[in-house]
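What follows is one structure encoded as structure tokens, with my remarks underneath.
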Amino acid sequence: MLKKEGQAMNQTNLFKPESELNNSTMGERSSPLNILSFSFLLMIMFMTLFGNTLVILAFKKNSKIRTVTNYFVVSLAVADILVAITSMPIWAAYPLFGARLKESILKIWTFMDILCGVASITNLTAISIERYVCIAYPFDYQITVTSRKAIPILIIIWLFSVLMSSLKIVLWEVPPPKYELTVVISCFFIPLLIMCIFYTCIFRTVRFQIRQISLATNVNMKRFRLASELRAAKTIAVVIGAFVVCWGPFFILNTVYGFCNGCVPAVTIVVAKWMHYTNSVLNPILYACMHKEFRKAFFVTLLGRKRLAMTSPTPKLNNNETNVEEKFDRETILISITFLIIIILLALFGNILVVIAFRVFQNLRNMTNYFIVSLAVADILVAGISMPVWGAYIITGPEWKFDIWVEQVWSCVDILCGVASILHLCFISLERYVCITSPLTYHDRMTTRKAVIAIFGIWSFSIFMAVLKIILWSVPPPSYEIAVSVSCFFIPLVIMLICYMQIYRAAHHQIKKIILTVHGSPKRFLLSKELKAAKTVGAVIGAFIICWGPFFVLNLVYALCKSCSPIPEEAVLAAKWLHYVNSVLNPIIYACMNKDFRSAFKKILAFSCFYIVPGIRRQEMVWERSIYSERTSLRSTRGSSLRGKSSLKDNSSLRSCTSHVEMNGYHSCDKPYFV
């Protein structure tokens, strides 16, 4: 039987971390791995708050979506918001502070967790029943189901949820499995059965109505009927599937725990808990974003209903100065800041993961990855310095409310990191070009020492461009704007286009050579490989142009055409957001597409889970890491004779590798890091 405080570790008397966690040092709790896990929690929290707050604001502003169904959707959103602001933070704090959390806090958390969980599930069940009545009885629906009747049902839902959560506190000392079985049956299996029955009836009704429509039209109704039935079936499968996937493991583990304490692995507990918390992120997508009127309301809310503000033009935004005559209302500011926080967390999470992987795993320390890690550092600085100041400007704008030195420091850091990020992308393309086109001389021409010198040059040039902005602060455009746009966007873009086109041609040429040495369907093989290489090159160049193009184009428009109409505020904000989003995309494009990086990420994230999960000792993780190193060394010693044959094929598909292949006394280059 678990101790009293352990009984609060889950909605229905789930598990308490073992003594290893509670006795661990703060050094281990504050390790980078735990910080990553905590960052992931924050990301889920803010995504939940963002999506569900958007649902409530849209329901409040748009009278068209105040239907009976959406009353339940809004009630569901309220439950999910409560999960994000009460349950998730304490769940994150428990692995860090363990038994030091007071029992009263654990009881409050248990009460709120059960309350919101039961309310969420019961609202989903009510939505399925309401949808069935709407589709099966369309003529009686407006009379049978009204907003006035929906409100008492919502009151009953929340009273039932309060009852179930209070019952847990009353039965705090009662051993399982009585309460566990009651909750599992009444709050999962019965709602699941109801949802399956009603959604099945909905599908049958929709299929019947589609067949009736086919008799009254002259088009190819067989094809129309099949497409409509498939669409209806997919929608229902997604709704039920999301419910089962998110909540099923959680309640099944509760049932198992009720009969067999200690039979469930600790990692499984954490995964089940996160899956049911993820349901709070999915609910606004499944039940609101699929609604046309909701999507329109979201669009209006995100753009913001703005009111005119009789203010002077806004000051310089980095090197992009515009005349902004409108100001966001409070709701739009709240949504914008929430979205900004999500972007900051995603950028920090992805780029810190890249840096940690590079530091921990020796096999990642090659030429290309020095540039990738330096790029990650630039993106971390963007997320840690530039984005927060931009968020403060959005809150206080359109007038700059801070001291001039704050704006100058922000502009300096923003330009520094932006130029460094772009130049790193340019140098990565150059390095990949040399690797692909000159594999035999690659390691003689491209060394770690040269990489460090190149990175030093990149940062020096970036500092120069940033300082130059401060020196020329009072100089009117377009001199500096044109210089930055040409040297930091158009020239790097031309270089990247040339390099990646040459890489594609080299891959195309190597693929044709492979056809002469392989059996099978050469034509099909050639087409698939060429498409893969083309998609990779398109993704890299497309992401660069989409993220940075609008920003520099607006800078040029502003610098060269002062007499033009003021640039719309939406265009300025969109351009700024796009180039900040590039800090999120960079670790995905340049690291996650690398097989070795993906493997390192998986191990780091697994280790972070082990740090906060009972039953896994630090020595076991070190042992696992040593096994990984031994396997890597064995693969590198055994693979030299096996990889020589496939080196051309690997290079043509632009995949990464850290082993070197002996080719006539030379080493081939590390294979590229894309796709």
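Glycine residues also receive a Cβ, built from the backbone N, Cα and C atoms like all the rest.
According to TrEMBL, the transmembrane segment annotation covers 35-59 (among others).
Here TrEMBL flags 51-287 (among others) as domain 'G-protein coupled receptors family 1 profile'.
TrEMBL lists 71-94 (among others) with the feature transmembrane segment.
If you look up TrEMBL, you'll see 106-129 (among others) marked as transmembrane segment.
If you look up TrEMBL, you'll see 150-171 (among others) marked as transmembrane segment.
Among the features that TrEMBL reports, transmembrane segment is placed at 183-203 (among others).
Positions annotated as transmembrane segment by TrEMBL: 232-252 (among others).
Among the features that TrEMBL reports, transmembrane segment is placed at 333-358 (among others).
Per-residue pLDDT, averaged across the domain 'G-protein coupled receptors family 1 profile' (350-590), gives 77. Under the heading domain 'G-protein coupled receptors family 1 profile', TrEMBL lists 350-590 (among others).
Summarising the annotation, TrEMBL assigns transmembrane segment to 370-396 (among others). Within the chain carrying the transmembrane segment (370-396), a Cβ under 8 angstroms from the stretch's Cβ atoms is held by residues 317, 328, 333, 336-337, 340-341, 343-344, 347-348, 351-352, 354-355, 358, 402, 406, 410, 413-414, 416-418, 420-421, 424-425, 427-428, 431, 448, 451-452, 454-455, 458-459, 573, 576, 580, 582-583, 586-587, 590-591, 673, all 6 or more beyond its ends.
Residues or ranges marked as transmembrane segment in TrEMBL: 408-430 (among others).
Within its own chain, the transmembrane segment (451-476) has Cβ neighbours under 8 Å at 319, 367, 370-371, 374, 408, 411-413, 415-417, 419-420, 423-424, 427, 431, 484, 487-488, counting only residues six or more beyond its boundaries. The transmembrane segment annotation in TrEMBL covers 451-476 (among others).
Look at TrEMBL and you will find 482-503 (among others) tagged as transmembrane segment.
Under the heading transmembrane segment, TrEMBL lists 537-560 (among others).
Packing against the transmembrane segment (106-129) from elsewhere in the chain are residues 5, 7-12, 69, 72-73, 75-76, 79-80, 82-83, 86-87, 90-91, 153, 157-158, 160-162, 164-166, 168-169, 172, 183, 187-188, 191, 194-195, 198-199, 202, 239, 243, 247, 276, 279-280, 283, 287: each is 6 or more residues past its ends and has a CB under 8 Å from a CB in it. Beyond its flanks by at least six residues, the transmembrane segment (150-171) meets 12-13, 68, 71-72, 75, 107, 110-116, 118-119, 122-123, 126, 130, 178-179, 182-183, 186-187 of its own chain at Cβ-Cβ distances under 8 Å.
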